[in-house]
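A short worksheet on the structure shown next.
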Amino acid sequence: MGRRSGAAPVVLSGLVVVAQVVALTVPDARSAIFGLSLLTLDALGVVYSLRAARHRGRVIWRLAAAGRALSLLTTLAFGVDAVIGSAAFWWAGVLCGLGMFGCLAASVLSISVRRMEGRQRWAFAAETYAVFNGAFMVIWFVALHPTLHGAPNIAWVMAIGYPLGNLLLVVAVCAVLLRGGVTRLGDPITTLLGGVLLYAIADTLHASVGARGEQAAESAVVVVSLSLASLVLTVAAMRADAAGAVAGRRPSTPVQSPSWSAYLPFASVAAGNAVLLGGTIIEEHFTLWGGLVLAQSAIIGALLVRQVISLRDSRELAVTDTLTGLANLAGLRAGLERATARHERIAMLVVDLDDFKPVNDRYGHDTGNMVLIEVARTLRAHIRSADTAARVGGDEFVVLLTGVVDRAEATGVAARILAAFATAPVRAGADSIPVRASIGVAVMDGDETPQELQHRADLAMYEAKRSGKHLWKLYEPSMVDRRARDGVLADALEDALHAGELQVLYQPLVDLAAGRPVGAEALVRWRHRQLGPVSPVEFIPVAERTGVITALGLWVLEEACRQVRAWQLRSPGSGIYASVNISPRQLQEPTLVADVLAVLARTGLAATDLVLEITESAIVDEHAAVPALALLRTHGVRIAVDDFGTGYSSLQYLTRLPVDVLKIDRSFVSQLDSTPAGAAVVEAVIRLSQVLGLRTVAEGIETPAQAAELQLLGCTHGQGYLFARPMPAGDLDALMSTAAVRG
């Protein structure tokens with residue numbers, strides 16, 4: 001059924017073309033073929049319009065069916081009048097024809113369009129008025145003026161009424177176009193509008209020929225153009241019926257009207273001016289009026305050029321982000337529409353800046369804008385001219401890649417963008433601000449809509465932030481479940497603090513030479529009442545994103561300080577200290593120093609017995625970290641860099657950061673195998689710390705051989721399963737009683 005419906009317009013078009021060829025080659029049969037073609041096309045138009053009206057857009061197609069029915073009656077009435085010379089049939093034909101114009105115009109004006117408010121309405125009225133007057137000048141010159149030269153008679157009802165009906169159709173079509181009634185050239189509604197406009201032009205030619213006293217039915221141009229217009233109207237109804245008449249439905253989201261529709265008022269002014277100039281020449285009044293008309297044409301032409309340039313500028317502004325020069329949301333939507341129309345495989349990258357708010361807070365919005373401009377420059381430098389980079393939020397960008405071959409191409413762009421960010425910090429006075437971002441990548445695999453693709457890229461970006469930031473992630477279906485789970489965790493995490501679901505475990509820090517504990521690292525664990533144990537790898541990033549990490553971190557700090565102080569009181573003189581992790585977000589809190597000192601005061605733990613651990617990612621932005629860390633050190637608190645060696649840029653900052661301890665990451669400790677190659681990284685870190693006067697702590701020690709090799713390399717302290725797993729404080733009481741006495 002679908003194939004037959006799709007083939008019907010093609011077959012009908014072929015038959016009409018054949019009929020017109022016969023009409024052109026056999027002049028004696030032209031009038032009969034013309035009338036028969038119109039009757040057939042109008043009859044089919046009525047049938048298919050009524051069928052289309054069973055679906056959406058009922059009013060549009062019912063009015064179109066009424067117009068086609070009146071056109072059919074008009075052709076029949078004029079045919080009978082031509083045979084028997086009946087005034088009654090002539091009047092019937094005239095009145096049915098006038099009714100046809102009204103129904104077709106009403107059908108067109110029933111099409112859903114954009115809502116307008118305030119000044120938009122006045123602008124629309126002015127544009128429509130310009131179209132009306134331009135079209136009126138053409139119709140006046142070719143149809144009305146020749147008719148009005150003669151004496152008034154009854155034929156004027158048709159000779160004047162029909163051209164004015166055509167004027168009504170032209171204005172109705174242009175009004176719909178100006179208000180965004182056309183969103184895609186392939187829609188049945190677009191075909192309907194094209195047919196109505198073509199009919200108005202063809203019937204104006206018909207009236208023009210008749211006004212000159214010629215037989216319009218014998219004119220090849222009139223016969224072909226009217227038959228073609230009727231064919232297009234019928235095909236529009238066929239396509240609407242086959243497609244379920246989805247055209248005419250009010251769009252659920254705002255859409256952009258075609259750019260060319262904005263030029264309709266200018267085209268009408270140009271057409272009217274051309275008629276004025278042409279009429280002056282044809283009527284042989286050029287000597288009298290030619291200079292004036294030419295001057296007026298030049299003025300109007302210059303104004304039109306200026307207005308077209310202004311229109312292009314305003315349209316460019318409407319799709320461009322004024323700060324960065326990238327596309328805005330409307331520009332991104334336009335790029336998506338172009339790619340969809342070309343049936344290209346696309347990929348989307350959602351780029352979200354990491355920790356952008358602290359930059360604004362610390363340096364001001366002007367510096368923040370400089371960062372955004374630098375991001376835009378980098379994005380432009382790493383995409384092709386056919387691609388689109390858009391700023392869609394304060395610090396969120398979207399890159400649309402077209403003609404994508406495979407996933408590797410899209411992820412390669414993401415990797416190059418991140419690499420470029422890492423090498424292009426933004427200068428703010430004497431400071432250098434690193435640009436860091438998380439990128440989600442989604443590649444079209446089938447029939448995904450652009451909205452679905454962007455949602456997938458957004459999920460992938462969320463996963464990149466979840467995994468540690470300044471990363472790219474390619475969308476995977478499992479990310480949907482993780483995002484949903486993260487939402488559940490985010491809702492429950494704040495309550496967990498007050499519901500007793502969180503617990504602090506402790507892992508001893510051991511003097512490798514003596515084998516005795518010298519401190520304990522505090523590690524938080526969560527047992528959700530429904531979900532059971534939740535890994536810190538899972539809930540810590542959630543806490544970081546939601547801001548709960550601040551309250552959670554202070555709670556862990558106070559628990560750890562209170563517990564270590566209790567161990568000190570049980571073993572007087574011991575050198576046990578507390579080691580507590582501080583998140584990047586906590587480092588950005590202006591109250592961090594005061595909060596830490598308040599905890600020390602409440603628990604009675606000496607500042608010298610507290611080590612705060614920060615990750616390399618936290619110290620990449622040294623301007624946020626240094627002031628707070630330096631002030632804490634003046635009070636005696638020591639600072640350790642956790643997982644040292646896994647970051648990408650901390651070496652350049654290490655000499656000027658207030659750091660006391662380097663913690664060697666477990667991934668390097670696991671490579672120790674008593675060979676130079678296995679010990680290379682660990683030895684390099686230990687030598688560096690010795691040069692800088694820092695202490696080293698090795699993480700993840702699992703075998704006696706690793707502990708022995710670390711001692712040989714010069715590492716003094718460590719932690720790992722060899723000594724003890726993280727465990728509740730009560731399980732460590734006996735071990736902590738053997739702690740080394742402070743020397």
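Just so it is clear, glycine is given a Cβ too, placed from its N, Cα and C backbone atoms.
Positions annotated as transmembrane segment by TrEMBL: 33-53 (among others).
Feature annotation from TrEMBL assigns transmembrane segment to 65-84 (among others). Counting same-chain residues at least six beyond the ends of the transmembrane segment (65-84), those with a Cβ under 8 angstroms from any Cβ of the stretch are 35, 38-39, 42-43, 45-46, 49-50, 53, 90, 92-93, 96-97, 99-104, 107, 230, 233-234, 237.
Nonlocal intrachain contacts for the transmembrane segment (90-110), taken as residues 6+ away from its ends with a CB within less than 8 angstroms of a stretch CB, comprise 57, 59-61, 63-64, 66-68, 70-71, 73-75, 77-78, 81, 157-158, 161-162, 165-166, 168-169, 172-173, 175-176, 192-193, 196, 199, 248. Under the heading transmembrane segment, TrEMBL lists 90-110 (among others).
Under the heading transmembrane segment, TrEMBL lists 122-142 (among others).
Look at TrEMBL and you will find 154-178 (among others) tagged as transmembrane segment.
What TrEMBL records for 190-209 (among others) is transmembrane segment.
Taken from TrEMBL, the feature transmembrane segment covers 221-240 (among others).
What TrEMBL lists as transmembrane segment is 260-282 (among others).
Annotation source TrEMBL lists transmembrane segment at 288-305 (among others).
Annotation comment: TrEMBL describes 344-477 as domain 'GGDEF'.
According to TrEMBL, the feature domain 'EAL' maps to 486-740. Confidence across the domain 'EAL' (486-740), taken as the mean pLDDT and rounded to a whole number, stands at 86.
Mapped onto DSSP helix, strand and coil, the domain 'GGDEF' (344-477) counts 58 helix, 35 strand, 41 coil.
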